[in-house]
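Copied from TrEMBL, the annotated features are:
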TRANSMEM  92-111  transmembrane segment
TRANSMEM  149-171  transmembrane segment
TRANSMEM  183-204  transmembrane segment
TRANSMEM  448-470  transmembrane segment
TRANSMEM  477-501  transmembrane segment
TRANSMEM  521-539  transmembrane segment
REGION    625-651  region 'Disordered'
COMPBIAS  634-651  compositional bias 'Polar residues'
REGION    670-701  region 'Disordered'
């Protein structure tokens, strides 16, 4: 081969000649560069064709690129109409678009592929320290695996879509059309139904150890109440227990456990007692036990400590029930004997009205009476504060359980909402797009526009109810703007459906439908802007600017848009396949009617049409013709025939109603004849009444 060589390359697509003078090695490089340039152009043109056929065009207009040419060749070879090639091209292209969106969304969700419990641990750490973290271990484990579970569900759905794309390719599109449709349907069902079903039938917050939380709060409340300064509650409980009061039967001694516990109820550790009581501990301890102890001790101090010597006042005031059993005074003996009764005997008002310093003068020097009185007043205030403290502890325990339940439920609800709300909106958008696709294929049919109108208003009360509940919980006038904008978003497909009811089949009707869809898309732009700014204002008004500082909403917005389009594209393909399949099956079934079936169906259609469709037109025609009769009462048969012709023209709804319309026309003509006859009789009667009598004429003459 010569060291230098002149070669000419002509590329038909560029319509130019390239001259290359180089060595054999450089020649090879130049040829490779030229080939790669052509491949790049073909590659980008293929991307453009896929994007346009899938995202811009519909099953009736997807005719861009070589991908359509390949489908067209396959369809022609199978002796089918070329219109099928556009639908197959759109379906294949849209599935590829879904694959692209799903891959980008899956890559953006790389952090969700592995369980991450850091966020949940931080939330649990903010709960009261008295509640043990192990109570939430199962809940945290499940919630940390929730996102990976969704990603694995998505992986299975994605594999099914890839199989659907392969079977939707030009080489297999006709042979495997049913398999491809079923793969898409099953992929959609798997991706939507599985997460929805799990959240519907399995309440995740039930995995929290609520019995353990009740036990922890019981230990906290009881321990703090028994250890509070003032009355010695432990000794008071022991004294009442020895008296065998029926109201304290639940405090019978059990097997001693955890002897290292400092605080006990009748020698039973507090935790053991709480375990025995279960969820009933609050009513037993707060409503029965503590009330009985406080009332009994107060009565004891009022009746026994007044007569106690000065040297025994401290022990009498702090451990009155024990002191009453060991004291030999008459008051103590009388009180001890009176305790052989039910605990309900102590249920009376806390304020006794007695002077707590009565009897202090006996045996006390006069200079010490004032100091002793002040000390007793201080202790009495401390006892009252102790009673308030135990009531607060009981209220705290009850409120803490409710708060933990509420926080856990709200947390799971937010997680579920972050999944279900975008999924639900994508279903709404995907089904609307599938209806648009069917309408584009069959622009002259009215079933699809009516379905758009009905389904939009069918979903409207449900969304309105949810938004109204949210508005009443946390809303204000700013959120009301967002809610109303979202309602307008829901209603827009109904507007498009109502505007596209009277379109004719064919190319012209299809493009009229496109223009109405573009009007809808144009109306969605200000609605999106209103929702964005109103939600931004609501967040700032509700949580303040500090809440939004350091939080960039752009990644979350991009992620939500990717997830929405990934779900919407799959829903659109599955919905379009289902609706076209149902539509064609319905038309084929109707076309297979026998003559007798068609006659029965026509009769039913004619009967209902005369009631639902023709009656309004009949009334309108009669009103219009009645006004003409008022203007020309003597129009005669010409007016009647003209009116009859107009009525016949306006009443024709279908070719099968001719006989019924003729009967209506005959009845109407008969009524008009009777009306004209009565009108002429009335005129003659008025003329007879107004004619002068013969007597009057002769008198005047």
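Just so it is clear, glycine is given a Cβ too, placed from its N, Cα and C backbone atoms.
Each of 183-204, 448-470, 477-501, 521-539 was scored by its Cβ pairs under 8 Å to the transmembrane segment (149-171), and the highest score goes to 183-204. Counting only same-chain residues 6+ beyond the ends of the transmembrane segment (477-501), those with a CB under 8 A from a CB of the stretch are 428, 432, 435-436, 439, 443, 446, 448-453, 455-457, 459-460, 463-464, 467-468, 470-471, 512-513, 516-517, 519-520, 523-524, 527, 530-531, 534-535, 537-538, 541.
Residues 428, 431-432, 435, 438-439, 442, 479, 483, 486-487, 490-494, 496-498, 500-501 of the same chain lie 6 or more positions beyond the ends of the transmembrane segment (448-470) yet place their CB under 8 Å from a CB of it.
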